[in-house]
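According to TrEMBL, the protein carries these features:
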ACT_SITE  Cys277  active site, nucleophile
BINDING   10-15, Asp35, Arg40, 91-95, 132-133, Glu166, 277-280, Arg347  NAD(+) binding site
BINDING   162-166, 221-225, Arg261, 268-274, 339-340, Arg443  substrate binding site
DOMAIN    333-448  domain 'UDP-glucose/GDP-mannose dehydrogenase C-terminal'
Amino acid sequence: MGITKICCIGAGYVGGPTMAIIAQKCPQIQVTVVDLNQERIAAWNDEDVNNIPIYEPGLSDIVKEARGRNLFFSTEVEKAIDEAEMIFISVNTPTKTYGKGKGMAADLKFIELCARQIAKVSKTDKIVVEKSTLPVRTAEAIKSILDNTGNGVKFQILSNPEFLAEGTAVQDLLNPDRILIGGETTDEGQKAIQALVDVYANWVDKDRILTTNVWSSELSKLTANAFLAQRISSINAMSELCEKTGADVNEVARAIGMDSRIGPKFLKASVGFGGSCFQKDILNLVYIAKSYGLNEVADYWEQVIIMNDHQKRRFSDNIVKTLYNTVSGKKITFLGWAFKKDTNDTRESAAIYVADDLINENAKISVYDPKVSRKKVLADLDYLQTRNSEENADNVLSFENPYEACAGAHAIAVLTEWDEFVAYDWQKIYDSMQKPAFAFDGRNILNASDLQKIGFVYHAIGS
Ligand code: NAD
Ligand code: UDX
């Protein structure tokens, strides 16, 4: 018989959307998503489905369809673990901020807590699925915790990394390039793999469901993110060379992307990649390589991060330099704060670092983002601990209306590629600004010649 009850620990950007799709596509399975964060669970249960805690196009409709039918959000972690035959661990695995591996290694304390709680509560055999992104060989540690409880329950551990990207999570989940499942090669391991394959086979073609050993699956997730981020750092490195040589990075990207061996995706030069995954996962990869003494491997991947930091710094330096070497007291308006369009997530967004640099130069930052609140902007800056909260609050204003955010500004900086920015009345914005009016397009989304015709001094990335 197939799985009838799933529990997912962690109701975040991965757990929430992934379980919503499983519930939608498998009405025969009861899916319960649990989290320690009561506020987050309350938001998932909000009567008005537009108030769910994660903004993803199409997600609220799916939650509306399945919630209360076979999709449940709860803080009763132990009850959900006890009842489930299959438990997904989808908790956060941030970069360690203390002790050995500080600033590099993944912090696995939340994972270990989950494993201990599963071990404590379980009375029947369970399949435990690693959905979080984990260092290679983490399953070994989880197994050792689960196998040493002495209560006779049998556990199978699978690795099933998630490849969704934020902003397109629903589409990515409905139509994944592949589903990756790693498990033990024993009979029990293969049975557990099959149980998870059967869940996904409700909507994913079998030939897109890939099964491997556990270690390959764990390492493939870090590898995929490292390769994707490396493409962005590679094109960003070329963007700097383009600016010096008269080449145009958009043209270069198009030219190389038409080579079928290279391909066109992930070649968009930008102010630098952000998001909760790329930096964290590459640092983790670098740490793992170093821990095996593979220093050349570690240095190779670390360069992707070094280049990304350089790109963010280059953007803020260019603003200061262009504004006659001082932004002191000047109003600089940020269009966008999220790390990419169509998400309310701001983790590691380039906007945070660019703002921090400019505030160090005494600039006054005004922010407009269609999905990010002032509270979040200030929390992001406070997290850097560059200055105290009051100083951050004094130097940052937030607006609900983009035209008000831009009025009186010395410069506008586009930090996120929200579609609506392109459609703005740029003449109206120009008329309301200080002159000369500068525009720094960190996403190369605005029409350079239109803006220049209006009178803007327009700076793009890589041209
Ligand atoms: P998140 O911070 O949005 O959500 C994690 C949730 O887990 C939080 O709500 C937290 O309260 C909860 N949690 C932590 N410990 C818990 C515990 N012991 N019991 C119950 N709940 C607990 O994180 P996320 O973005 O969903 O990422 C989760 C994992 O998925 C990470 O390992 C990440 O690397 C990976 N991942 C993320 C993405 C993405 O786009 N965000 C994509 C693929 C993989
Ligand atoms: C990434 C991976 O794409 C996804 O497979 C994995 O599961 C989680 O990490 P995510 O971080 O949500 O997803 O978004 P992604 O689209 O990869 O963008 C990451 C960052 O790179 C964003 O800041 C984005 O703006 C930037 N980016 C992306 C570029 O600067 N140029 C590009 O060509 C593509």
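Every residue, even glycine, has its Cβ placed from backbone N, Cα and C.
TrEMBL labels come from automatic prediction, so no person has curated them.
A Cβ distance below 6 Å to any atom of ligand 1 is met, among the binding-site residues Gly10, Tyr13, Thr95, Glu166, Leu222, by Gly10, Tyr13, Glu166. The recorded positions near ligand 2, defined by a Cβ under 6 Å from one of its atoms, are Ala165, Cys277, chosen from Asn92, Ala165, Cys277.
Taken through DSSP, the domain 'UDP-glucose/GDP-mannose dehydrogenase C-terminal' (333-448) splits into 46 helix, 19 strand, 51 coil.
Considering only the binding-site residues Gly10, Glu166, Asn225, Ala269, Cys277 (active site, nucleophile) has Asn225 as its nearest partner by CA-CA distance.
Here the domain 'UDP-glucose/GDP-mannose dehydrogenase C-terminal' (333-448) has a mean pLDDT of 98 out of 100.
For the pair Thr95 (NAD(+) binding site) and Ala269 (substrate binding site), the Cα-Cα distance reads 26 Å. Across the structure, Tyr13 (NAD(+) binding site) and Ala165 (substrate binding site) are spaced 10 Å apart at their Cα atoms. Taking Gln279 (NAD(+) binding site) as the reference point, the binding-site residues whose C-alpha atoms are within 10 Å of its C-alpha, out of Glu162, Ala165, Asn225, Ala269, Gly272, Phe339, are Asn225. Cβ neighbours within 10 Å of Thr95 (NAD(+) binding site), excluding its own Cβ and spanning all shown chains: 19.
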